[in-house]
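A.B. asks: If you scroll down you'll find the structure; I have some questions about it.
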Amino acid sequence: MSAILSADDLNDFISPGLACIKPVENFPQKNTASEENAYEVTTEDKIQPENQAPTQISLTDCLACSGCVTSAEAVLISLQSHAEVLNTLDAHRPAPLIITQDGNLSVSRKIEPDERIFVASVSPQVRASLAATYDISERKAGHMIDQLLRGPQGLRNGGKHGNGFTWVLDTNVLRQMVLTLAAQEVTEALHTSSASSGSGKYTSPKKPILSSACPGWICYAEKTHPHVLPHLSRLKSPQALSGTFVKSILSRTLGIAPSQIWHLAVMPCFDKKLEASREELTDAAWSNISDSPVRDVDCVITSRELLMLASSRNISLPSLPLKSLAPTYAPHFPDPTVDSFLFSHTQTSKQSSKYGTSGGYLYYILLLHKEKHPGSRIEVQRGRNSDVIEYSLMSETNEAIMKAARYYGFRNIQNLVRKMKPARASRLPGANRRGAAGSGASSSGLDYAFVEVMACPGGCTNGGGQIRLDDAREANASLHSATPNDSAVTTQKHTTYEQRQWLSRVDEAYFSAESDSEDEAKPAATGSSLHDMEIRTRDILQYWTNLTGAQLEDLVYTTFRKVESDVGKDKNVNDTTRVAELAGKIGGGW
C-alpha cells in the first residue's frame, strides 16, 4: 500500500454538506395578486406562510464543484434509478411506430411532443453478472434482458401505456469504434512529440495516453490531479458513444428531436450515472440546432437495479423465455447500413482473459501494433500486485517498440499519478542538475505509450453496481418455496473466499460471452480479422458523419476540465455584495 494513502482515500464519497457553496441568485418573485387590497393592514400573526418552490441544485452543478461531493453515488440513486425508468415509461405515450411481421419499422404519423421512443444499451459486464446469478450462459442472460425490456412478458405487460424499449443495443458494438479510434490515437502519439498537438477544443493527448472510459477515475483526476488531464484520451466511452450514435441517427432518419428519444444505459458501475450527467455529453456537442441541451444518455441503472426493475413489476426473470424475440418486438433499425452494423454477430471478436474485464483497450492496441511489426512479441510483467501489469512489444532484435500498462484500483492509480507528477523547481543553487539526474525515476510512467486505468480492483466486472453474492443468493432463494433454513442461508455473511469465487464466476461468464453465440463455429480473431474489423468500423464512422452532417470529432470526442473548489478561499467582495443586495430586495438580508 502506498505510504501516502490515508484512510479517507479508501472511500471517496463525502456526504453532501449542510450548506451548499453554490449561491442561488434567482430568487422567487413575490406573488402580488390583483385582488389584494394595497391599503389593507394585516397583523403578523395572521399572515399565511407562502408556499415557495424549494431550491434545487442539479447534478451538473455538483459535478462543477468539489465542495462536498466527490462520488455522487448516494445522491444519484434517487436521481437515476429503476423508479425513474418506470415513471418515464408511464409518463409518455408510445410513439406511433408500425412494425411489420418481418421487423421493418415505419412511422404512421408525426410524433407528438409527449410521445417517446425508448432505446436501451446494455454492457457485457451486466450480462455476465446476470449469467453468474442465475447460472446461465451469457447469451441467455442477454435474451433475459431483451425479454424484460422489450418483450411481451416484460415491461410491456404492465404500466399505464404498456411501453417498452424498441431497441436494446450491445455496447460491445460501440466499443469496437472506441478501440479503433484509441489505436489511432496511440499511433499518432508515437509518431509525434510528447507535447499536445491538434487544433480546436479537442487537443491530442500527451504520452502516456490514459484511458478515459472510467468515470470514477475521471472524477478523481479532475478534482485532485489536474496535471494528468493533458494525458487523458479524448474519446467518449462506449456508453456515451452509444447515446450519441442512437440520438444523432434516429433524430435524422425519423425527423424528430433528440428529446423525443429516451436512452437508458444498463451498466456495472454507479459512477456511470456521473458520466451521463456531464454537460459535455449532450446534443449541443454535435447538433447545431439545439436550443436546450439534451443528454445523450438520459438514465443509467446498474445490474442490481435491473433486478429491482423486474421486481417492481412483479416479473420473475428466470420465468422469461430465454430465446430471441420475434421480429415484431425486435424491429430493424430505420437505416439498413446502421442496422447491419448494430445487430451483426460478426462485429465483435472473441476475447481471452488477456484483454481484461474492462473492454480490452490496452491489449487491442498491442495486437494492432504487433500486426504492423512482423516477428514482434508481447512480453508481460506483473507489477506489485495483480492489478498492475506492464506490457512490452519487443521486436525480433529484442528492442522495445512500445510499452503499455494496466492500472486498476485507486491504490494503484495513486502510485501512477504520483510518478507522472511534474517535479517542483528548486530554488537552491545547483539543485536543478541533481533533479534532472533523478527525474527518470519520478517520471517512469512516462515511458508508457498507453495506460488502461480503471477505478475498480479487478476491472469493470467488479463494478460497484454489480450483483453481489448475497443478492444472487436472495434472487435464487425466491425461486423456491421459502423455508426458515433457506432464509437463514440468504442472510448469512459470505467469506472472502466465497466472494473471490463469485467474482471468478462473473469473469468466467464475461470471457465465455462469444463461445455460446450463434457464431461459435468461427475461429478466434486473427490479425486479418482485426484488420477487417478496422475497415468496417472506419466505413461506418464515415457513413455516420455523412448521414448526420456532423464532424467526426464532435461525435466521438469529449473534453475534461479541472474542478476547483471555492471552499477556504477569499471570496470576491463584489459577488458577496451583489448576492446580499439580491437578498435585500426580497425582504431578506444577512
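The first residue you see is number 1, and the count goes up from there.
Using the three backbone atoms N, Cα and C, a Cβ is placed for every residue, glycine included.
Checked Swiss-Prot, it gives:
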- Cys20, Cys62, Cys65, Cys68: [4Fe-4S] cluster 1 binding site (BINDING)
- Cys214, Cys269, Cys456, Cys460: [4Fe-4S] cluster 2 binding site (BINDING)
A.B. asks: 10 Å Cβ neighbour count around Cys456 ([4Fe-4S] cluster 2 binding site)?
C.D. replies: 23
A.B. asks: Under 8 Å Cβ to Cβ from Cys214 ([4Fe-4S] cluster 2 binding site), same chain, six or more residues apart: give me those in sequence order, or none if nothing qualifies.
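C.D. replies: For Cys214 ([4Fe-4S] cluster 2 binding site), the qualifying residues are Ser237, Cys269, Asp271, Ser358, Val453, Met454, Ala455, Cys456, Cys460.
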A.B. asks: Return one of helix, strand or coil for Cys214 ([4Fe-4S] cluster 2 binding site), based on DSSP.
C.D. replies: coil
A.B. asks: Around the recorded [4Fe-4S] cluster 2 site, report the further residues of that chain (criterion: Cβ within 8 Å of the mean position of the Cβ atoms of Cys214, Cys269, Cys456, Cys460; site residues excluded), sequence-ordered.
C.D. replies: Gly216, Pro268, Asp271, Ser358, Met454, Ala455, Gly459, Asn462, Gly463, Gly464
A.B. asks: What is the Cβ neighbour count of Cys269 ([4Fe-4S] cluster 2 binding site) at a 10 Å cut-off, with all protein chains included?
C.D. replies: 28
A.B. asks: How would DSSP class Cys269 ([4Fe-4S] cluster 2 binding site) in three states?
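C.D. replies: Cys269 ([4Fe-4S] cluster 2 binding site) sits in coil per DSSP, no helix or strand.
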A.B. asks: Under a three-state reduction of DSSP output, how is Cys460 ([4Fe-4S] cluster 2 binding site) classified: helix, strand, or coil?
C.D. replies: helix
A.B. asks: So how many other Cβ atoms are close to Cys460 ([4Fe-4S] cluster 2 binding site), meaning within 10 Å of its Cβ?
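C.D. replies: A count of 26.
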